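Asks: Let me give you the structure first, and then I'll get to my questions.
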Amino acid sequence: MPDLSVQLLPGLTLKNPVIAASGTAGYGDEPNRLYHIADLGAFVCKGTTLKPRVGNPQPRIMETENGLLNAIGLQNPGVDYVIEHYSPLWSKWQTPVLVNIAGESVADYAEIAKRFDQVSGVAALEVNISCPNVAAGCLEFGATPEGAAAVTRKVKLATSLPVIVKLTPNTSDIVALAEAVENAGADAVSLINTLRGMAIDIKKRKPVLGNITGGLSGPAIKPVALAMVWRVAGAVKIPVIGGGGISNADDAIEFLLAGASGVEVGTAALVNPSVPDDIVKGIEKYMLQWKMTEMAQLIGAARR
Ligand SMILES: Cc1cc2nc3c(=O)[nH]c(=O)nc-3n(C[C@H](O)[C@H](O)[C@H](O)COP(=O)(O)O)c2cc1C
């Protein structure tokens, strides 16, 4: 059988490259009943902030042509609750947990990172500087190389955990962002977060979402995400985690061929919770078919 393991981060090897994307599987207590987190390479929890957040006014989610618009607004119970209630659960898992963190200020990010340091069951941090649905913070830093680098530097100083920085597609130059966070010490980058979008109800003549705009995810964004992953993987030396619209094994294989060392799956698992499992099996089948024995033969193969 082919070996699907990938060394994603310093000291962190995943048994396969398939990762549950932040915000689409909560903290792992609910989807565990529906799909098998144990079979995934890693799990990213919902974006966690310093204080609890109630999120944006309803409606916060709507289906679009081949996609999903969401404006949850980082609803979460806050860092202390997450440490107390979910870390004991994560400590029992074999699947590494990457904690997605978000702040309203650079100091917030550093404080959250500090609190998660040394917490059992936490394998790494994914720093979300790319949420398009909150009024303060996040994209405020993530849209410019200077802002993205400043957050990365502070988080790196505050933790001994490996740090992944999650980049936004809502920028004119995602490669510049990736290079800036690499230079600031990021151990890996993940991309893409959602693309800002909106919908208007023509009968009510009002925006559909309570927040007016939201973030677009799902199959509609896949070609955009893939092109960004391709460009970033060609520019940085640190590992790239790719995602955006991955719905089946073929999609995931495209991202791996483009140079991603891991793939995040979000919206597709909301539609069918067995998709991540099916993707793991599909990658294995593809490798067998093409007589590949290890992931290095697959990752970046379209660039060679
Ligand atoms: C309902 C919902 C909530 C999300 N919440 C977060 C979040 O808290 N933090 C984050 O970094 N990304 C969040 N995302 C973005 C996803 O993790 C992912 O990057 C994006 O949806 C693109 O992948 P997909 O097309 O496979 O869903 C969220 C996406 C959705 C659909």
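Counting begins at 1 with the first residue displayed.
Any Cβ shown, glycine's included, is placed from N, Cα and C.
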Asks: Have a look through ASN128, ASN248, ASN272 and flag the one TrEMBL assigns to the substrate site that LYS46, ASN70, ALA71, ILE72, GLY73, LEU74, ASN193, THR194 belong to.
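Replies: Site partner of LYS46, ASN70, ALA71, ILE72, GLY73, LEU74, ASN193, THR194 for substrate, according to TrEMBL: ASN128.
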Asks: Per TrEMBL, what member of ASN100, ASN183 joins SER22, LYS46, GLY47, ASN128, LYS166, ILE192, GLY218, GLY244, GLY245, GLY266, THR267 in binding FMN at one site?
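Replies: Candidate in the recorded FMN site: ASN100.
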Asks: Whole-number Å only: compute the distance from the Cα of GLY73 (substrate binding site) to the Cα of GLY47 (FMN binding site).
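Replies: For GLY73 (substrate binding site) versus GLY47 (FMN binding site), the Cα atoms are 10 Å apart.
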Asks: Could you check which of the binding-site residues LYS46, GLY47, ALA71, GLY73 have their CB within less than 6 A of ligand 1?
Replies: LYS46, GLY47
Asks: Under a three-state reduction of DSSP output, how is ASN128 (FMN binding site) classified: helix, strand, or coil?
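Replies: It is in a strand.
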Asks: Which ones are near CYS131 (active site, nucleophile): of the binding-site residues SER22, LYS46, GLY244, GLY266, which have a Cα within 10 Å?
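Replies: Cα within 10 Å of CYS131 (active site, nucleophile): none.
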